[in-house]
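Listed in TrEMBL:
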- A:2-190: domain 'Succinylglutamate desuccinylase/Aspartoacylase catalytic' (DOMAIN)
- A:11, A:14, A:103: Zn(2+) binding site (BINDING)
- A:163: active site, proton donor/acceptor (ACT_SITE)
- A:205-286: domain 'AstE/AspA barrel-sandwich hybrid' (DOMAIN)
């Protein structure tokens, strides 16, 4: 891995990555390691200026191959996506070997590392991060091929999302910032050790949460929202949810229970940005990953 | 008190009041009491549509007498303020006797009742609310006359702000919604008892937090933000802060301590909406209010 990129501000109201980039640009030694070159990218400065997630559309869904190659897709985020793809990619033959994209969530997800692949490199990286940061949570979104993902970090052959919360939009919290800085540091350390063939002995396996499905908030027949996440589920990211557990409370007070046939691990619970699509949470299955 | 108004959505991304208004409009009995008429007002529907605090300017600062009477102030919120003033006011000779304005904060303030007056009515109301809702926090912003305030609820002779958090902008949390509904219910009960001269025996005094000053986030000489609320202070709304306690962490890691000569009670700590003005928190003094 010769070229590594750290991206912040893909969403303009997720402040931790944006302030960390500023900090690292003033003090580049914090993110430099001997075995690779590193660059930082402020993905969506206009959205940050406007204090919004995005101006025209969610930037972190604009990196599908067809979309990148479609000149008709020309709004601000689509244009920035093409520019970032030119800078770090192009997807399929990227100049960058590894991209770390920094995100915040309003959900109580703690310091989460989202992997889009579960190859040996990612498995070792996750084991290393968890060994050095016991709070870290590993999420697998490897249900499709890397190239099929439309996330920014899918430009490169390897890419991860560092997703830390809970943090309201447009706020910077020290606990969340510190977690993000620590996790990014461990990832960079791992890449350096990997490059030098000096990865230490790692646990033989670790727990992770493998994405399974996404649930919607309760709606009436007109598509109007009629309920909210149940108070038992709020903030209970990565706690088990079982068939019959209350999951929503309708505004009229009615409790709605979950009708599922597996032990689910909710995350991205009540994420502010997902209300646009009326999403309530993602559900994962707990898995043991062999390193 | 013959005419009471409940206002929600003065800020378009504070969802609890907006969803409670919808609920109460479907089921008006929840907020009706025998001794007064009640109406509900959705203050800023356009900002809710846009999922923003406001379109042009903060509506809850547009109710100064001079501004209401200045036809040159004609942007969306200024125009809505004039329309609401015509509906519930006009300030100085208002049709409404009492206004309850529902707000959320990203700060960990719990269910807070903000009083703009400390006359007998307000003191009894606060004592009643605290007696029925032990979690309730009473905040006094009575440092200026009611008529001098520029808040929406200052249109009427009596008005309060129900301010509940923590809740990220653009999210609805059941715990926060439940607190807001409970507090509003106790206020309505009190007004009804007060009207019928049946206020029960109340505690002779209660603790409250009297607004003293507002602190800014650390800035450099160019006005650029260089630090954040210290992790010890984050979420510690209404916990005492003493001279020498850490209060900010600069992005370079430096801790900044508070230089004050009184025991301060921070609140509105790290409120997302106050970043526009680079505000870090409000400070109050704890006071004992005789009922």
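Glycine too: its Cβ is placed from the backbone N, Cα and C atoms.
Features per TrEMBL, on structure.
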residue : record                             : Cβ contacts under 8 Å, 6 or more apart
A:11    : Zn(2+) binding site                : A:44, A:47, A:53, A:54, A:58, A:59, A:60, A:103, A:104, A:273
A:14    : Zn(2+) binding site                : A:53, A:102, A:103, A:104, A:167, A:169
A:163   : active site, proton donor/acceptor : A:103, A:104, A:105, A:109, A:112, A:113, A:114, A:139
For the domain 'AstE/AspA barrel-sandwich hybrid' (A:205-286), the mean pLDDT of the predicted model: 97
Mapped DSSP class for residue A:103 (Zn(2+) binding site), helix or strand or coil: strand
Per-state residue totals over the domain 'AstE/AspA barrel-sandwich hybrid' (A:205-286) - DSSP helix, strand, coil: 6 helix, 38 strand, 38 coil
Residues within 8 Å of the A:11, A:14, A:103 Cβ centre (excluding the Zn(2+) site residues themselves): A:9, A:10, A:13, A:17, A:53, A:60, A:102, A:104, A:105
The residue listed as 'active site, proton donor/acceptor' in three-state DSSP notation: strand
Cβ neighbours of residue A:103 (Zn(2+) binding site) where a neighbour is any other Cβ within 10 Å: 26
Local backbone state of residue A:14 (Zn(2+) binding site), from DSSP in three classes: coil
